[in-house]
Each structure stands twice: as structure tokens, then as C-alpha cells.
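Beneath this line is the structure, given in C-alpha cells, with notes to follow.
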């Protein structure tokens, strides 16, 4: 069994770098080269300042956290060496070097690992000559990057436990770098999801001026941009203190409206920034912390809580390491008097000096960047007494409640051991990277051979955690979401409020139900971090040129467009039957407008229509009762009844225009109106022709002008039949239909009747206009007939009213919209109907009912004595005589058959029977 050999380990302040070595039995070979100089890995400075050769940087201070990481690695190596299932017959060793958190020290340590510190030792050997297996560390991203550029040239495995920079995922630059912590790419995605979860859109960023901060913020900005979130400002914390740069970062926070700030920095860089925030008294800000400082007890001090309390961020999941606490307490310089770090730890922790110690110490205390006492190299006046107890100490070294990065150190050692174990168990014929499939020998393998096993490593740790390194050389990262809160003792506690875990081939943010999150705001409520408040429903975002997309104006949606959800970029247009409400937040059905029965206007028009129909019916009743009186019979009783029937059709037809339109009502309204007026005007035309003929008779001295009653009926029938024919063609070919008029008013749907063919409609009412025009012209000629009842003049006046109403209707109809347009048409129908009714029948009904003495043959017929040779015919008498023309002609034929025209003229003064009066006819007929 091989004896134990030490390995190389490198530690840097709060960070650790270690080298694993394996003892081999290989004989020393002949010396082939020697070193021209040596690095001072203890960090001491030569006394001669005039030396021209570069010297190692001097380290200062002591980091208890880094010392715990180192002890954890030693504890894990011892645990593995005691196990029989991993690397049997192989002993792991280590060698430790301090990087002092400087790039130059990291480079020195890397070169030492590659060349060997002793002159007579070849490359890839530690100071004892053991085989170099791999490098553990370093803790900081910049340190890992610097060392990996050298170690990668030799493909020497380097496994990090705390360097999360995404730059290290580039396998072209860092082919041999692996890590057991997730990349900042995953952390940035988690931060963005957390921001989205809480509804923040306006975020500031503060980053350390190194690879960790710069690349972390760079990826964070890219992720923010991909989900349309905005970065308000982005400033850096200087590595070397600069008042100007620090003030710039503080002013950005103070002047910005962003209330949530992402801090991408390590504890070393963050400490002076926190002191500056406290000095400037900047509160009411919420920090989203990176994994480097969210769970760091060194900076989580109660005096910082008013300024940094409520910070929320992502941390590596904590775990327990069996036996670690006891191992940490088992440290004493007496057990290992040559271990410089142990002596320095003891002296720093107990503020004393170990006897004969060469370890540095200083009684001049100052607070370093980590908040711990930093002591310059000097000897303390207080010496070791032997009464010092670790149990009395309160520092991060003995704090095992938050083992996060410490657990990563444990995983790294196990990862390296498992990879070496797989390499040692290789079976001949199953190795695909060497010709002949031969296996590598555990004591003399090449670095790239171990890299194969590390890159394909999959195993489960003793605590059940699954370790699997992906193609980028990192593990699938899970995070705990921690919140800074005060516990009952007034100390800052890291309260777990959620997780960011990998499930079902994707990452998922899971917040713990009923978990209380402390927000460091005036109201202790969720911070509100926006550039512009979210546009409410009814408005849309208006871009501000030259500003981030999170800064915008809220513009009210146009009419007919809505935005239902807050923060919509565009307003949506409502459907055809919909319109936006007053708030422009919902599409509502447009108001459907038509003239209804239950509104005042519609109800009034219905009353007028019914009243007119009742009046016409009353007139008809009067005419029926007094049908044998002279006044009724003298004015063509049959035509009068037909006129009344037509008015009964016309007046109620106006009610078809009221109410919700339907296709049948659209057809009925125009047809009933046209037929009603056609019948009415045809009958009036019969009357006006009688008056016209009477006027011609009064002017004629030579011959009889007469018209048979059958001809009136033929004229009436022809007019009505023509109108019916046109209406039938209209209804069959292009009937009216219901139409939704949306052009007149955007907010309303006007239900109206689309009249179909304009040509048919003009033909229908053109027929009525033609009849009305004939009526007017014939009555206009015959208006001069003398009469005790001026029917000719009344008909003329009635036709004037008819024309005035309908001529006025045209501009009024064209200038109105909606239901008022229909009301104008109904009013025209009623006005013209009432006009005809009043002009033709009002005076007759007045005489029949109120002046019955005037309803006699003498007055109605206008009879005069026979001696009066200047007799004039009246319209009423002519109507009676024309109605009795056939009877009189038949009776007179018996007399006139035996008389010659000259005798008729001699006895009666005229050959025209219309010049004979009833009182003379009996003598003739005898």
C-alpha cells in the first residue's frame, strides 16, 4: 500500500485553492532542468528593496471563512482515505498555497504546480515529488480565470467551488476548468424570474469591477432585455478605492426612481460600498443579492439592517457535513507546530502570540473589507497561556449553520476522488481514447485522461445530492431564495422564502407558501419599482424616443378601440357590432337605435295615426248615415267612400315605420303607403276630372261634354293596377330589407330599412306624384266654378297642402339621421293625410252635422229661376247632373225624338240638356 504524500492546496483570504496529489513508486529520474528562482509562497517580502527581480506580493489579514474551507477539504480527504470503496490502496494528499486574493499570487501558485518548487523535481510534481492529479480552486472568478489560462494549456484539471463567472463556461479559453457551482447565467435567469414574479420592471445594477461583476451584469442585462424589462442604471464598485467612482454609484442610486437594485459583488468589494450607503443614509431600497454575499455572516451585521434589511437573493443550497463541526474544533498549534496557517489562526482568534512563532500578527487593529479585524504583521504582547478555548469564540470559522460554499468544497474533493476511482478501475479494451483501448495507469496518467472521467462524472453524494457535470463544465444549479430578516435576538437571519430548482427539463421559481418576506420600505409592503406606472385598461403605451421601453406615456385608446389588460402596447379594435365603453376598457354592444313605441316621439305618432284613422272612420259613418242627402250624393258618393278607404289604409301604414324593423315590415311600409296614396289620388282625380268637365261645360255653348261613370272606374282601376304591378315587381325582384347603418354614428347601430332598388322606389312614388300632379292641374283650372260649397277650391287647396308637405319632406329627410329620419317620414305621411282629410271632408261634415238647413237641393244644387238667362252652373249641381246624366238622357230621348233641334232651341233656348233645369223637365217629359 502506498504511503501518504501531501498534495498542493492554495487558499486565498476567503477563498481556497488546493492541489490533489497521489503518491507513486516511480523512481527519481535524472535531473533535466533546474529553477533559476523561487516564489515566496508565504508572502514575505525580502529585506533588500533594491533587488531588481519581481517579488511576491505580501499578504495581510486572516480570513476565518477561507480557513474553514481549507479544513473542510482536509477533512474530506481524510474521510475518503478511510473509505474502502473509493480508491482502495491509493492515498490522496494535498498541498496548500495562499493566493491572498490577488491575481499575481494565483499565477505564482499555478506556475509552482506546473514546474515544481524544488530544483530537482520535474513538472507535474508537488514539492514532495507526488503525482499531481488536479487543482482545487481558486475561490474568486478573476483568480480562477488567471490561473486557468495557464493550467488549460496543459489540460490540467482545475475544479472550482465558488467561481460562478459565465466566462469560465467558454471551453475554448478554459478547456480544463470545471466547477461544482452553477454559472452566473443560471443565476441571472433566476434573478429575472424573481423580478417578474414581483412585478418589477425598472431595476438598477451595481457590480464589482471584476470578471464576476461585469460578466454577471452583462448576462443579467441580456436576460432583462429579452423579457422587455429595463435597467435604470449600471455602475461599478471600484477595486481600488476611488471617491469619484464610489460617489458616482451612490448618486445613481439616490437620483434614480428604481427602488430595486441588483448587487453583483463579492464580500470583499461590497463592504466599502455598504459603509458608504450607511454614511449617505440611503434607505428605502431593496437589494437583489448574488450568491456571493446573500448568506455571508461577515457583512450581515445588525447595524446594516436599516439600509440592507429585506435584501432578497439566491444562495447555494445549504447542507450538513457529517463530522465537520468536530473536525473544525480539533485544531491546535500544538498538534502541528509547523503549520503556519494554524498558528496564524490561533494567534488571530485569541489575540495572542504562539511561542517561537514566525507567523505574522499585529496588535494594531483595523476593520478590513470583510468586517473582521485585520492585523498587520507584528507580534502581540499577549502570549499563549493554554487556557484558550475554541468554544468561547464567535466567528465564521466555527459557524456550521450555513454550509453552502463549504459544501461545494466537499463535493469537489469527492468529484476528484470519484473520477480517479473510475480511472483506476478501467478495464482493458474499454478505453476509447488510446490506440488499442489500453487503460491509463493510476500512478502515471496524463491530465487529459482524468479530464475525460471528470467531464462525464455522475454520482450521488453521501447526503443524497446528485452531482452531474454538463458540457459547459458546471453542475445543474439549484438555489435557495433567502431574505434578510431580524430574529428574536436582534441578529440578521437568512430566512428561506423560496427555491429555484431544475424540474422537468426546465428551471422553475418556487416560492414557499405562507412565507413572510420582509420588505425594507416605509410601508413594509412590496416595493414599487417602475419608470412609469403601468398603463391602466383603456390606455396604451406611447414610446418615448431615446428612452428605455419601460419609460412611456399612457395614451387613451381611440374610439372603437379598447385595452382590456394593464400595460397593453396596442389597443384592440372592437367588432362590427361593438363599441368601446366610456373607459375604453371593454367592447360593449352598440346601442341599437330605431323608433320605438314606448318613447314619447313614437307614442305620439302612433296616437296621431290612430286618431286620424278614427276621424276617417267617423267621416265614413257620417257619410253612410247621410248617404241620401243632397250634399253626399252631389259629390260623387262612391268616390268619396273610396277616398275614405284609402285614407284608412294610409294613416295606419305609418305605424309600420315604428318599432324594430323586420324584413316584412320593411316591405309592408312602402307598399301600403304607395297603394294607399295611389287609391286616394286616383279617386280625387275622378273628382277633379268632373270639376274640369263642369268648367268646360260652363264655357261651351255648342255641344255636350260628358263622361260615363264607367270611365271613372276604368281610370281608377288602371291607376291602382299599375301601382300594384310596380309594387309586386319591386317586392319580387329587389325587396326592401333590414339594414344595420353603422356609418352615420359610430356608437350606434341604426336599424333601418334598406329600400333596395332606387329605380323601383322612384317608379312607385313617381306614379303617385303623377296622379297628384294631374289632380292639381285639373282642379286648378276648375277652381273658378261658383258654388255655395267650393269643392274645386278645397281640392285645390288640399293638393297644395299635399305638395307642400312632401316638397318640405325631402330636405328634412336628408338632413336627419337615425330614428328622427323615420319620424320625419311618418310626419309627412300624417300631415299629407290630415291635409287631404281636412280639405275634402271637413267642410262637408260641418254642413251635414251642424248646418243641416244648407243640405238641400236648392242650396247644394244652386237652382235659379228660369227667367234668369245668365244662369251659371255650380260644381255641386254639375256633379248631381253628371251622376244623373244617363237617366235624364234616356227620358229626354222620348221627347227629343219628336222635336227638331231648332224647336228645342226655340222652346228652351239651348240644345244642351245641361241648360235644362229639373223644374222644367216634367213639362217636357209629359
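Glycine is no exception: its Cβ is also placed from the backbone N, Cα and C atoms.
Model, not experiment: these values are computed from the prediction.
TrEMBL assigns the feature transmembrane segment to one of the listed ranges (550-571, 572-593, 638-659), namely 638-659. Among the ranges 483-507, 508-532, 758-782, the stretch that TrEMBL annotates as transmembrane segment is 758-782.
With pairs at least 6 apart in sequence, the transmembrane segment (826-850) and the transmembrane segment (600-626) have 3 or more Cβ pairs within the 8 Å limit; the two touch.
For the transmembrane segment (758-782), same-chain residues at least 6 beyond its ends with a Cβ under 8 Å from one of its own Cβ atoms are 670, 674, 677-678, 681-682, 684-685, 688-689, 691-692, 694-695, 719, 722-723, 726-727, 729-730, 733-734, 792, 795-796, 799-800, 802-803, 875.
Taken together, the residues in the domain 'G-protein coupled receptors family 3 profile' (601-856) have a mean pLDDT of 81 on the 0 to 100 scale.
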